Structures are given as structure tokens and as C-alpha cells.
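Heads up, the thing below is written out as C-alpha cells.
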């Protein structure tokens, strides 16, 4: 039964980026029907636990012309997608984890895609596609061999010395204190049946056969054989644990190097900003000093002019730079004086101070003179290269 979007939102209701998580989950379960969202308790390495959603099921992986259903479990942290998911291979009872550079003995998956995870360039669909490619080159699980009893010893034939998949029959690759399937991570339920056929070697890639020490003449396994097998299993486990820690340390070192580079770049940018600010402060101080100096000069000039204002002729305050400009100024002043005179004559006529004949006589004379002044001023402005005023 497909999980609805409302059910997904309820599962990730405590997630910081709920909508992004739901959108990516819907895209994944739409494309990979065998992956199902499950809400479960995840136990961290420090012993703390948290309710998280995981995608558990199988993904199709092509290997040597056949397609195998590889069981995985993807735990989504509550800060997803800004933190990568925690990924595991989850073998069934008929499978065994094949440790390698991408999968440790606990089934945890290590990929460069996870170490370099960066939203929005990284997402669940891209992660699953990378897993399919990587697992197609190096399968993370192989089918567990069928246990076979040893035949009775015959004096005329050699003992049976070849077994699959590389361990003496009936001997676990772990000491008695370890379970066959380590459980350092939370369990994820898987659908039974079809996707994982029983134990035939054609359903999952098998490891090549190796030669081991055979049973003793009485049909039992000697203590030396058991001891050697246990030592080999423990050595392999320690070797892969050490490689896991080294890879993790290398990943942290690479992350620290990138952080150091970012800090150096940031430090350089800050130094450039400080230098630029110092230059701007120096320029502002220089402009302030210049403004103070000009203000003092203006204050001194104003004080000097105020002291001399009683002896100054108002007509001599404005002195044009050329005689032509002085002529234009005088013509303009005289023309405006005539304009004011005509205005006040009109006011006198309106109030009855003068009669109409006197008004018309003076207005006629003033208008004629005003016309002559305007014509002369237009000619002077044209000679001076100025625009027309009327």
C-alpha cells in the first residue's frame, strides 16, 4: 500500500525542512517502488536515540548481465537535506555482507557522494543512482552458502578441501561473542519473499571458492582449524575496522582542509575590506579638513563684506566681466523698470488717481521705449552668444 503525502508529513512533522524532505521522498518511492518510508528509533554511537524516518527496501543493481535486488536502509536526519542520510546495507538471513572500500562489516555505506553532500546539488535520487553504479562494480552482499555435511572418510580418496564461500563448513566468520549480522544500527523491516530468492548462487554474486584446511580423518574439525579460522575472521574484522577509521579520519581531514582554505580566503577578503575602509576614512578626513578651510574662508569674506557694506554702492556690487554684458544688464534692468511703471499706472487708473487720457498717453510712450530696449537687448544677447529671451 502506497504511503500518502499526508502520512509522510506526519512522519516528518518534527523535521526542520519538512516540505523538502517529503518532496524528495515522494520522488524516490515513486521511482523505486520497493523502498518504503518507515518511522523508527535510530540509536547513535553515543547511545542517544531519536525518532527518524528511513527508506527501507531494495534497489535494482545490474551485475554481470543480471539484475539483483540489493537491500538498503537510508536514515534521514531531522536536518535533511542539509545533512546527508546515514546509509546501510541490510542483508536478509540468506545473505552475507561483503566488506569493501564502500561497505564496512556493519553494513554501513561510505561513498564520496555522501562525504561531499551539498544541498541542492545532492539528493536521494542521485545517491541511489550512485549506489547502483558502485554496487554494480562491487556487490555489497552475496548469497549465504547451503550448509553441507562432511562425507565419511575413505582411505582410498583424498579429503574434501574446497568449500564456498571461503570458510570451513559450519564455521561462523565471527567469534562466539559476535552475531553473524552485526547490529550497530537500528533494525529495518524488509518485505519477505520474492525479492530475495532462497540460497541459490545465481540470485546474488558469490565469492570465489578458496582452499581451506579439510576435516580430520575421523570427520571432525580440529582445534587448529577452528583457531586459524577465528584468527582470520578477527584479523579481517580488525583490518576493515582500521580501514574504516582511516577513511573517516581522511574524510575529516579533507573537510578541515577545505574549511582552512575557506577561512584563508575569508581572511584575505577581510584584509582587503579593512584596507579599503582605511583609504575611505583617510579620504573623508581629507575632505573634512578641506571643508573646514573653505568654511573659514567664507566666514572671513562674509565678515569683511559686512564691515564694508555701509560704504558700498549697490550698483557697483555686481560687476560684469565684459562691457557687452554690462550693457545687457542695464538694458534688462531698464526694461523691467518700464514694466513696473506700466503696472503701477494701471493701478492708479483703477483707483481713480489718474484719468484714462493720461494713462493712455504715458503707456504709449513707455511701450515704445520698452520695445526699443527689448530689440536692442535681443541684438546684444545674440552678439554675446546667449539664447533669445523673448
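Glycine is treated like the rest: Cβ placed from N, Cα and C.
Quantities reported herein were computed from a predicted structural model and do not represent experimental measurements.
Residues annotated as coiled coil in Swiss-Prot: 235-316.
The compositional bias 'Polar residues' feature in Swiss-Prot is assigned to 198-214.
According to Swiss-Prot, the feature domain 'UEV' maps to 2-145.
Marked as N-acetylalanine by Swiss-Prot: 2.
Residues or ranges marked as phosphothreonine in Swiss-Prot: 220.
What Swiss-Prot records for 158-162 is region 'Interaction with CEP55'. The region 'Interaction with CEP55' (158-162) scores a mean pLDDT of 33 in the predicted structure.
Look at Swiss-Prot and you will find 198-220 tagged as region 'Disordered'.
Counting residue by residue with DSSP, the motif 'PTAP motif' (320-323) contains 1 helix, 0 strand, 3 coil. Marked as motif 'PTAP motif' by Swiss-Prot: 320-323.
Helix, strand and coil counts under DSSP for the domain 'UEV' (2-145) come to 39 helix, 47 strand, 58 coil.
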